[in-house]
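Novice: Sharing a structure, written as structure tokens. Questions coming.
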Amino acid sequence: MTALVGVIMGSKSDWSTLSHTADMLEQLGIPYEVKVVSAHRTPDLLFQYAEEAADRGIEVIIAGAGGAAHLPGMCAAKTHLPVLGVPVQSSMLSGVDSLLSIVQMPAGVPVATLAIGKAGAVNAALLSASILGGKHPQFGKALQDFRSQQTDNVLNNPDPRQA
Ligand code: RP5
């Protein structure tokens, strides 16, 4: 199956965060691709990627970036696909800069903005499963199984002193 989720990031330095997205997509069995696409260093590539993604079969784009994180918003400006933005935890401002750069989109060009760092990266994959689940029931089922197992893990191990 060709990739349904495109995971893009502004720099190789973002991979330590977006690798959590890739891990969760693999766990859910969702076909995906990963690529460095920088809004600032490779703007023409960003436009090309966003414009061609739907025709290549991509159904959801997950875009992670840090600092002046323009990648998700500019990607959303060039595609009608759902764009999920993951703010990478930056070293100078702990990712608050990334979050604020992604979240406050003008009405008309939405980006679904996740939490800063690993939690946002994992949840972007889970949210993509929710989106894909309508058209591809197997991914909705994989998501439900993950959630059930997560619940069971908590219920079956309530003692905080035990790992
Ligand atoms: C952003 O600048 C990237 O998304 C990255 O989070 C940040 C720093 O990039 P590098 O200088 O580490 O390549 O565009």
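Backbone N, Cα and C atoms are what each Cβ position is placed from, and that goes for glycine too.
Unlike curated records, TrEMBL annotations are generated automatically.
Just lifted these from TrEMBL, have a look:
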type: DOMAIN; residues: 3-154; note: domain 'PurE'
type: BINDING; residues: SER11, ASP14, ARG41; note: substrate binding site
Novice: Check the domain 'PurE' (3-154) for me and report the mean pLDDT.
Specialist: 98
Novice: Give me the non-local Cβ neighbours of ARG41 (substrate binding site): same chain, 6+ apart in sequence, Cβ-Cβ under 8 Å, ordered along the sequence.
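Specialist: Within the chain, ARG41 (substrate binding site) has Cβ neighbours under 8 Å at GLY10.
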Novice: Taking 8 Å from the centroid of the Cβ atoms of SER11, ASP14, ARG41 as the cut-off, which other residues in that chain fall inside it around the substrate site?
Specialist: MET9, GLY10, LYS12, SER13, VAL36, SER38, ALA65
Novice: Just to verify: the residue among SER11, ASP14 with the fewest other Cβ atoms within 10 Å, which of the binding-site residues is it?
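Specialist: Each of the binding-site residues SER11, ASP14 was scored by Cβ atoms within 10 Å; lowest is SER11.
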Novice: If you measure every Cα to Cα pair among SER11, ASP14, ARG41, the residues listed for substrate, what is the largest value in Å?
Specialist: 14
